[in-house]
Amino acid sequence: MRLVVVGAAGRMGRMLVRAAEEDPACRVVGAVEQPGSLALGEDAGLLAGVGRLSVPITDDPIAAFRSADGVIDFTAPAATRLFAEAAAQAGLVHVIGTTGLSDADLQALRSTAARARIVRSGNMSLGVNLLAGLVRKVARTLGEDWDVEILEMHHRMKVDAPSGTALLLGEAAAEGRGIELRERSVRSRDGHTGKRGAGDIGFATLRGGTVVGEHSVIFAGAGERIELAHRAEDRAIFARGAVKAALWAREKPPGFYSMADVLGLSEL
Ligand SMILES: NC(=O)C1=CN([C@@H]2O[C@H](COP(=O)(O)OP(=O)(O)OC[C@H]3O[C@@H](n4cnc5c(N)ncnc54)[C@H](OP(=O)(O)O)[C@@H]3O)[C@@H](O)[C@H]2O)C=CC1
Ligand SMILES: O=C(O)C1=N[C@H](C(=O)O)C[C@H](O)C1
């Protein structure tokens, strides 16, 4: 499968170039950064540490998409919306790892997916998607007297909060309880907040150092507590998941797919 990596000079972009090149079924044929990037003209393979690929980083996605089958996109929300339209017009599979997407962004992506194959997930790792299934089950089993709190920690360079993974886990807990996350989520607490609302799903965010990504879902009952956790140790887990998603979606009709669909975990 011929792949373009957008945001190819970023932390994830470099991992994605490496993961795609390490998969015998894939080949990186394009690498994109935005105009003004210091990485323009550099070889994507050299930058990713996999040797020269003769794929110079360009700021012209339309040209890069012309000779590709799929695009992998871990960039920023505004960029992802533009890439979604361009990928749909070029008939490419679009794998989206970008987080911090607003409801309007997600709505726009869903409508593009009526005519394009899009796989989107706040976390492309097997471990987190399995964890989400477990969270859904535990939330379904326990009543509202078990308070759900989601704690996450990431590196100091992360720009969005709560993380896409924390929101994915929150959605799983809400689905398990049969409620809408948007109506029950508490994203921050400060000052005289009053008591915790029964049935709320709370989020807490830590940022610092070089932490790749850590998430805990805490079910706090009267006199006991259950904690389900995932610790990412290497960004390669996200990159390998994204490449797997691209290959999977190649055989699918247009639709807005999740990583749980790719991994066969949707029924969990
Ligand atoms: N779903 C998942 O499994 C995972 C998701 N992520 C998410 O992926 C995203 C990227 O993370 P990370 O790699 O750490 O961030 P980085 O900032 O290191 O990388 C993002 C890259 O995208 C580039 N970019 C931004 N806008 C454009 C544009 N219009 N055209 C081309 N390139 C563009 C940036 O360039 P510039 O520096 O010039 O802005 C940068 O090189 C985040 O949203 C993060 O949360 C991360 C890990 C796993
Ligand atoms: O920005 C990151 O680094 C990560 N972002 C994703 C998120 O927002 O959950 C996934 C992973 O935890 C790393």
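Placement of Cβ uses the backbone N, Cα and C atoms for every residue, glycine included.
Where the annotation comes from TrEMBL, it is an automatic prediction and has not been curated.
As written in TrEMBL, here are the features:
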| type | residues | note |
| --- | --- | --- |
| ACT_SITE | His154 | active site, proton donor/acceptor |
| ACT_SITE | Lys158 | active site, proton donor |
| BINDING | Gly7, Ala8, Ala9, Gly10, Arg11, Met12, Gly97, Thr98, Thr99, Ser121, Gly122, Asn123, Met124 | NAD(+) binding site |
| BINDING | His155, Gly164, Thr165 | (S)-2,3,4,5-tetrahydrodipicolinate binding site |
| DOMAIN | 1-124 | domain 'Dihydrodipicolinate reductase N-terminal' |
| DOMAIN | 127-263 | domain 'Dihydrodipicolinate reductase C-terminal' |
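A map of TrEMBL features onto the structure.
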residue: Gly7; record: NAD(+) binding site; contacts (Cβ under 8 Å, 6+ apart): Gly13, Val32, Glu33, Asp73, Phe74, Thr75, Ala76, Ala79
residue: Ala9; record: NAD(+) binding site; contacts (Cβ under 8 Å, 6+ apart): Glu33, Ser37, Leu38, Ala39, Glu42, Leu47, Ile57
residue: Arg11; record: NAD(+) binding site; contacts (Cβ under 8 Å, 6+ apart): Met157, Arg235
residue: Gly97; record: NAD(+) binding site; contacts (Cβ under 8 Å, 6+ apart): Met12, Ile72, Asp73, Phe74, Ser121, Gly122, Met124, Phe238, Ala242
residue: His154; record: active site, proton donor/acceptor; contacts (Cβ under 8 Å, 6+ apart): Ser163, Leu206, Arg207, Val211, Val212, Gly213, Glu214
residue: His155; record: (S)-2,3,4,5-tetrahydrodipicolinate binding site; contacts (Cβ under 8 Å, 6+ apart): Arg207, Gly208, Gly209, Thr210, Val211, Val212
residue: Lys158; record: active site, proton donor; contacts (Cβ under 8 Å, 6+ apart): Arg207
residue: Gly164; record: (S)-2,3,4,5-tetrahydrodipicolinate binding site; contacts (Cβ under 8 Å, 6+ apart): Thr99, Gly100, Leu101, Ser121, Gly122, Asn123
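Listed binding-site residues: Gly7, Ala9, Arg11, Gly97, Met124. Those with a CB atom under 6 Å from ligand 2: none.
Among the binding-site residues Gly7, Arg11, Thr99, Gly122, Met124, His155, residues whose Cβ is positioned under 6 Å from ligand 1 are identified as Gly7, Arg11, Thr99, Gly122, Met124. For the binding-site residues shown (Thr99, Thr165), fewest C-beta neighbours within 10 angstroms: Thr99. The residues near the (S)-2,3,4,5-tetrahydrodipicolinate site, meaning same-chain residues not in His155, Gly164, Thr165 whose C-beta sits within 8 angstroms of the mean position of the site's C-beta atoms, are Thr99, Gly122, Asn123, Glu152, His154, Lys158, Asp160, Ser163, Ala166, Gly213, His215, in sequence order. Thr165 ((S)-2,3,4,5-tetrahydrodipicolinate binding site) carries a helical DSSP state (H, G or I). Among the listed binding-site residues, namely Gly122, Met124, the Cβ with the most fellow Cβ atoms inside 10 Å is that of Met124. Secondary structure counts, DSSP: the domain 'Dihydrodipicolinate reductase N-terminal' (1-124) has 47 helix, 26 strand, 51 coil. Across the range of the domain 'Dihydrodipicolinate reductase C-terminal' (127-263), the DSSP-based residue counts are 52 helix, 36 strand, 49 coil.
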